[in-house]
Amino acid sequence: SNGEITFSNLRNGRAATSEVIKIPQNSCSVPEPCNPYFVCYFDNRCQCPPSLGSQFNCRPPVASTCNESMNSAKLFYLGERLDYFALGFVSPFPKYDINTCKEACLHNCSCSVLFFENSTKNCFLFDQIGSLQRSQQGSTGYVSYMKISRGNEVLNSKIRESDGGKTVVLIVVIVVATILVIASLLYAGLWHHNKRKRLTKFSQENLEEDYFLESFSGMPTRFSYDDLCKATKNFSTKLGQGGFGSVYLGMLPDGIQVAVKKLESIGQGKKEFSAEVTIIGNVHHVHLVKLKGFCIEGAHRLLAYEYLVNGSLDKWIFNSTEESRFLCWNTRFNIALGTAKGLAYLHEECEVKIVHCDIKPENVLLDDNFTAKVSDFGLAKLMNREESLVYTTLRGTRGYLAPEWITNNPISEKSDVYSYGMVLLEIIGGRKSFS
């Protein structure tokens with residue numbers, strides 16, 4: 001089926017052990033050892049002719065002029081020293097020169113390939129061919145031409161230009177991709193370095209904060225973040241919103257209800273957190289909110305207070321249209337007195353003088369008997385007993401600030417007394433002192 005004829009001697013019905021004879025002996029001399037227009041070399045290697053490889057990528061656009069004018073085609077030089085197995089089986093046009101042979105092919109509409117033998121001046125015309133083979137006739141042999149359409153020259157040029165453009169685009173894409181990969185790696189390395197640096201700094205700050213809090217005796221219970229997540233059912237019931245975080249209802253494993261204050265921003269709020277833990281953790285008074293515990297874990301800062309069922313004072317004295325929420329004068333008096341006692345304890349009875357700096361109805365909480373308890377010590381300022389005045393940054397809530405806050409003068413416990421006076425007016429009048 002491949003064009004080879006094989007001879008074998010049979011002996012007693014079996015193939016002889018003598019050498020098998022094949023015709024042709026050269027495997028390149030069979031009709032189709034390679035793809036059409038490929039050259040078969042004697043080491044059974046198939047290769048595209050250089051002329052076709054550089055011009056047509058081994059896909060020659062063979063032309064037929066039978067339905068077109070003769071001028072629509074031209075001859076393309078395939079090369080020399082090329083042979084074809086059928087040259088030994090067809091009759092040539094004898095005594096032609098190369099130009100006459102080329103003219104004959106151009107004027108023959110079915111001619112697609114010509115072979116011209118230099119030594120004999122024989123001209124061979126073929127309408128189609130298969131594989132070629134390397135000639136064994138030394139430096140002579142055949143010269144070969146192929147008929148192609150003239151339009152294919154332009155097309156082929158565009159194809160080459162397109163291939164060249166694609167190559168340039170591919171190179172640009174590879175270069176850009178390489179640059180992006182390198183830039184991404186550099187960015188990732190820099191980001192990782194900065195992250196480690198930030199984490200190291202953050203861990204150092206946390207360690208210093210831990211040492212600071214542990215230096216105080218009698219501190220409340222320290223909870224883990226998971227403990228408070230479970231206690232608040234993943235912070236599902238929100239009681240209110242403060243200046244540095246939200247407050248959620250929770251219940252400890254022993255059944256005691258707590259109000260968990262969760263700081264929602266770390267940074268400036270870290271100072272307020274530490275201040276609140278150290279102050280409330282070391283002061284105990286019936287008119288001050290009790291701190292049940294706290295949490296410092298990674299970026300989490302939480303405080304667990306005793307839960308006061310009646311909430312903050314502002315909900316009872318402002319815009320209350322419900323008769324059930326109306327406070328009688330005796331209750332209002334006791335609330336005002338309890339708040340004053342809590343402030344007096346902070347100012348006069350603690351080891352260090354504590355200026356609350358943010359007295360307002362929202363920071364006065366009420367238990368089930370309407371006993372007033374001062375809360376939210378995040379902005380509190382500590383003063384030595386021998387100090388009567390201290391400079392500090394502006395803190396507090398508009399409408400309750402003493403004049404010295406506005407004029408940048410030093411403050412004292414009298415600043416809390418001024419704020420308390422504003423709260424007292426609101427308790428009596430039942431409306432805010434500012435709008």
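Backbone N, Cα and C define each Cβ position, glycine as well.
Source: prediction; values computed, not measured.
The ATP binding site annotation in TrEMBL covers K262. Neighbour list (K262 (ATP binding site), Cβ cut-off 8 Å, at least 6 residues apart, same chain): F235, G245, S246, V247, Y248, H300, R301, L302. Classification of K262 (ATP binding site) by DSSP places it within a strand.
Feature annotation from TrEMBL assigns domain 'Apple' to 66-149. Mean pLDDT for the domain 'Apple' (66-149) in this predicted model: 84.
What TrEMBL records for 233-435 is domain 'Protein kinase'.
Positions annotated as transmembrane segment by TrEMBL: 168-191.
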Q: List the helix, strand and coil residue totals of the domain 'Apple' (66-149) as derived from DSSP.
A: 17 helix, 32 strand, 35 coil
